[in-house]
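A.B. asks: According to Swiss-Prot, the protein carries these features:
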| type | residues | note |
| --- | --- | --- |
| BINDING | 5, 8, 17, 23 | [4Fe-4S] cluster binding site |
| BINDING | 250, 274, 318, 404, 432, 457, 491, 493 | hybrid [4Fe-2O-2S] cluster binding site |
| MOD_RES | 404 | cysteine persulfide |
């Protein structure tokens, strides 16, 4: 059984994974994820039509987010779990179809036109083997016969996947938006419309970037409403003597619930990877047993997790194939899944807690502290100092160096870049790419740390607010600021953040360590001509270009 997947930066040979995914995804799971996209297209076709008649159901709207999130890199590898979601997808498609047909009949006095082919007419197979066969018939290469149009469709779909992840987090925090739900349906339905051309999908991709700013803003509002604005916070990177639970992922609401349930039980809760910024939120840092930051970025988990003796839980990506040395201590939650790993449904984490209590304690092993919590509220709180520093010449340039980390060789570029940034420049960072350099010493400029950790990948929203505020203060556009964006990417959330930046007209962005395999030469030329988007080259050359030397 073969497969083809090219959605992440680690696409084999820079083309795509066709035997097994570098991420660990096998052909069976790849086929089921392809079928999920196909099924969601069918659901979206009817949901879009129903919405035009004023008919909608929130549970169906939310499922589209869940379904797309399921197909994000390093989220769900469990075929049984995905098969269950496919059945839900089919049931919801049939339900919204029936609601649409009823509304159409009531409005027009006649039956709705029947759709007899394509994803809207999909009939689900009866067993797992049948689902896999269906998925194999609807892979990436079936999106469109024209390579450039297919590339634009993929950019749109991967942007939708990234936005779905953020919208899912926001929804869990009570933030939702009708315009966002409607766009998911419109855009997914469009990907199945043979009448749509290249510029239609370019336009939809830009619209996706625009709406993602709204979604990231909703998520920011949800975080702030629940936990307050992040504040600069020192975080120890060592361990202390106590039982422990390691939390990996991005979902702060899940972390909060775990902190509540572990309070007073002699268990420390350690953030891993993108959970590090939790320490900056007053509503989370008030828990004394939220402690430390164990390990580095996601791709090092196989080396690091065997050395964490407690329970481990993933609440979003990035999960990798677990080693036997810790698989029996590993749990998944939300959209995450791996065969043989215990999945926690709902908000009762007693199984995780009991496992942690059974496990050995961590040792007292003090280590250096790192800083986090420099969201836009904190940075703009000292904006006068920043502006004064720029005007006085103490701060010559800002570098946004961040994004996803990964295992592919070449990512040491970002370490070297951060190290070589001149002493009169400030580095903004976010997402797990920060682990390439966040334990290095950078000093400060007039009391302002030279390295400012803005937060998670979704806190690109904060980075944008900082950039827009600086542009306003200096009465110029963002492109006129002494600001360079040199980003690392890995999966689909990075794609939608890039679309958001492009929607704002931000130019001269460099991305790496390699360009997406799903971008054809013609589509790349369009991005270069319109946005001067380009790949990283060498540290010295890119620094000279950024500093105008």
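Glycine is no exception: its Cβ is also placed from the backbone N, Cα and C atoms.
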A.B. asks: Spatially, which candidate from the binding-site residues 250, 274, 404, 457, 491 is nearest to residue 8 ([4Fe-4S] cluster binding site), comparing Cα atoms?
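C.D. replies: Checking each of 250, 274, 404, 457, 491 against residue 8 ([4Fe-4S] cluster binding site), the shortest Cα distance is to 491.
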A.B. asks: For the hybrid [4Fe-2O-2S] cluster site (250, 274, 318, 404, 432, 457, 491, 493), what does the 8 A shell look like? I mean other same-chain residues with CB within 8 A of the CB centroid.
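C.D. replies: Sorted by sequence, the hits are 273, 298, 317, 431, 456, 490, 494.
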A.B. asks: Can you list the residues of the same chain, besides 5, 8, 17, 23, whose Cβ falls within 8 Å of the [4Fe-4S] cluster site's Cβ centroid?
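C.D. replies: Result: 6, 7, 10, 11, 12, 16, 21, 22, 25, 73.
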A.B. asks: Tell me, by DSSP, whether residue 5 ([4Fe-4S] cluster binding site) is helix, strand or coil?
C.D. replies: strand
A.B. asks: Measuring CB to CB from residue 250 (hybrid [4Fe-2O-2S] cluster binding site), give everything in the same chain under 8 Å that is also at least six residues away in sequence.
C.D. replies: 165, 169, 274, 275, 315, 316, 317, 456, 457, 458
A.B. asks: Rounded to the nearest angstrom, how far is the Cα of residue 432 (hybrid [4Fe-2O-2S] cluster binding site) from the Cα of residue 17 ([4Fe-4S] cluster binding site)?
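C.D. replies: Just about 24 Å between their Cα atoms.
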A.B. asks: Taking each of the binding-site residues 274, 491 in turn and counting other Cβ atoms within 10 Å of its Cβ, which one has the fewest?
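C.D. replies: Minimum Cβ neighbour count within 10 Å, taken over the binding-site residues 274, 491, occurs at 491.
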A.B. asks: Roughly how many angstrom lie between the C-alpha atoms of residue 491 (hybrid [4Fe-2O-2S] cluster binding site) and residue 23 ([4Fe-4S] cluster binding site)?
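C.D. replies: About 11 Å separate the Cα atoms of these two residues.
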A.B. asks: Would you mind reading off the Cα separation of residue 5 ([4Fe-4S] cluster binding site) from residue 318 (hybrid [4Fe-2O-2S] cluster binding site), to the nearest angstrom?
C.D. replies: 17
A.B. asks: Please report the distance from the Cα of residue 404 (hybrid [4Fe-2O-2S] cluster binding site) to the Cα of residue 23 ([4Fe-4S] cluster binding site), rounded to the nearest angstrom.
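C.D. replies: Answer for this pair: 14 Å between alpha carbons.
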A.B. asks: Between residue 23 ([4Fe-4S] cluster binding site) and residue 318 (hybrid [4Fe-2O-2S] cluster binding site), find the distance joining the two CA atoms and give it rounded to the nearest Å.
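C.D. replies: Residue 23 ([4Fe-4S] cluster binding site) to residue 318 (hybrid [4Fe-2O-2S] cluster binding site), Cα-Cα distance: 9 Å.
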A.B. asks: Using a 10 Å cut-off, grab the number of neighbouring Cβ atoms around the Cβ of residue 457 (hybrid [4Fe-2O-2S] cluster binding site), all chains included.
C.D. replies: 27
A.B. asks: Take the Cβ of residue 432 (hybrid [4Fe-2O-2S] cluster binding site) and count every other Cβ within 10 Å, whichever protein chain it belongs to.
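C.D. replies: Around the Cβ of residue 432 (hybrid [4Fe-2O-2S] cluster binding site), 26 other Cβ atoms lie within 10 Å.
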